[in-house]
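Structure first, then comments.
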Amino acid sequence: MEFKKNQIVELYIDDIGNEGEGIGHIDGYALFLKDAVIGDKVRAKIIKTKKNYGFARVEEVIEASKDRVSPRCSKARQCGGCTLQHLAYEKQLEYKFNKVKNCLERIGGLENIEEKMEPILGMEEPFYYRNKAQFPVGYDKEGNLITGFYAGRTHHIIDCTHCMIQHPVNEQILLKVLDYMKKNNITAYDEKTHKGLVRHIVTRVGFKTGEIMVCLVVNGSKKNLRNLEMLVDSLTEVEGMTSICVNINKEKTNRILGSKIEEVYGKPYIYDYIGNVKYQIGPLSFFQVNPTQTKVLYEKAMEYADLKGEETVWDLYCGIGTISLFLAQKAKKVYGVEIVKEAIDDARLNAKMNGFDNAEFFVGKAEEVLPREYEKNGVYADTIVVDPPRKGCDSKLLETMVKMTPKRIVYVSCDPATLARDLKVLSEQGYEVEKVCAVDQFSHSSHVETVVRLKRK
């Protein structure tokens, strides 16, 4: 049977894809559908065809799966942020557990892996969990000033000031900024013409401290923001408002933040905690966006590291030292490596602020710093912790890790596929996977974090 674009079909959803999309089959031909759930019977319009599979859009749910729920957010289908809000949360967790398991089996070639997998660690409250938001500012078709989020894979702004996964205080902040812009005729940036002033509204909230930062990203400087004291007076009515600043970004790119900050009110940073460790967070700082689940993730990494107090630990891709400082609470010595100099500056500052004199940090690529320190300076490690970006670990880094023969490796991953690839290499080079635990950091998305403990055979 041949399928064509715009053809209407009826089908049952019998599987779920890598990005959480539903999959249905007609005469062996697979169709991928966003917003579809296993067990649904749907009427769909085919929007793209390939030789053996295609993509379709749900036009009508004829029979709803028992696992389908009504999204709490009215913009969930339009916005690109919550691709799984129509799926019951316990089923989201089941999907993510299986996503990790399947990658480790198929890509990693790891046998009997389910026996080594602990139950996935989900959230107690899978809404309002993000401590940072970046809201683009623009206009709707009628020329009204709006802010919200981009529709999936576009730069079309979905008007949304109340996001179900962001901290609730954001709505109050956004309405105040929009009101100020309207009253003072402050324009929104147009990335097509490179005209207009305000590009984004960035918010950061300390979940433990209650401190709030607001940063306006502008195609200019703070002197272009007329009557700025009106905005300051309005924003400081919000309980916890600690820092207001302007970020200058005149680049003709999609990059959200520029490198220059102009202070407007208060301190140029806020504080927050993960567990007992305090962190200073500026507008450009990298910091985990779900502090509640980050604590869960790091506690699992600490458990897997099983430190007794005499170990030397290397933390690779350490960022601002979030895991490093967790480890420093129990290790004798921790070395952190990160390519971004500003992140290492933050790591050193945070180590000093918390009184950790057993943490040392290197600026550079992990795949260059570790081989250099091992081959030239003879460093060693009892335990190595890696938390790489989505692309996983560099092959040179894995090679050096194996040469250093640490007793234990703890791998923290944000991509099950590259994790599986790297675990296969380590398994072939003398290491055995002992335990695996998936952690849900981002509910209502297909994203899943994983912590793995390996021991030397």
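Note: Cβ is positioned from N, Cα and C throughout, glycine not excepted.
DSSP assigns CYS414 (active site) to coil in the three-state reduction, placing it in neither a helix nor a strand. TrEMBL lists CYS414 with the feature active site.
All protein chains considered, the CB of CYS414 (active site) has 17 other CB atoms within 10 Å. Annotated active site, nucleophile per TrEMBL: CYS414, in sequence order.
What TrEMBL records for GLN288, TYR317, GLU338, ASP387 is S-adenosyl-L-methionine binding site. ASP387 (S-adenosyl-L-methionine binding site) is surrounded by 23 other CB atoms, counting those within 10 A of its CB over all protein chains shown.
Per TrEMBL, domain 'TRAM' is recorded for 2-60. Sorting each residue of the domain 'TRAM' (2-60) by its DSSP state yields 0 helix, 37 strand, 22 coil.
Calculated from their C-alpha atoms, the gap between GLU338 (S-adenosyl-L-methionine binding site) and CYS414 (active site) amounts to 17 Å. Cα of TYR317 (S-adenosyl-L-methionine binding site) to Cα of CYS414 (active site): a span of 12 Å. A separation of roughly 12 Å, to the nearest angstrom, links the Cα atoms of GLN288 (S-adenosyl-L-methionine binding site) and CYS414 (active site).
Overall, the recorded S-adenosyl-L-methionine-binding residues GLN288, TYR317, GLU338, ASP387 cover a maximum inter-Cα distance of 15 Å. Note: the CA-CA distance between CYS414 (active site) and ASP387 (S-adenosyl-L-methionine binding site) rounds to 8 Å.
Listed in sequence order, the residues PHE286, ASP315, CYS318, GLY319, THR322, ILE323, PRO388, VAL412 complete the 8 Å Cβ shell around the S-adenosyl-L-methionine site centroid, once GLN288, TYR317, GLU338, ASP387 themselves are left out.
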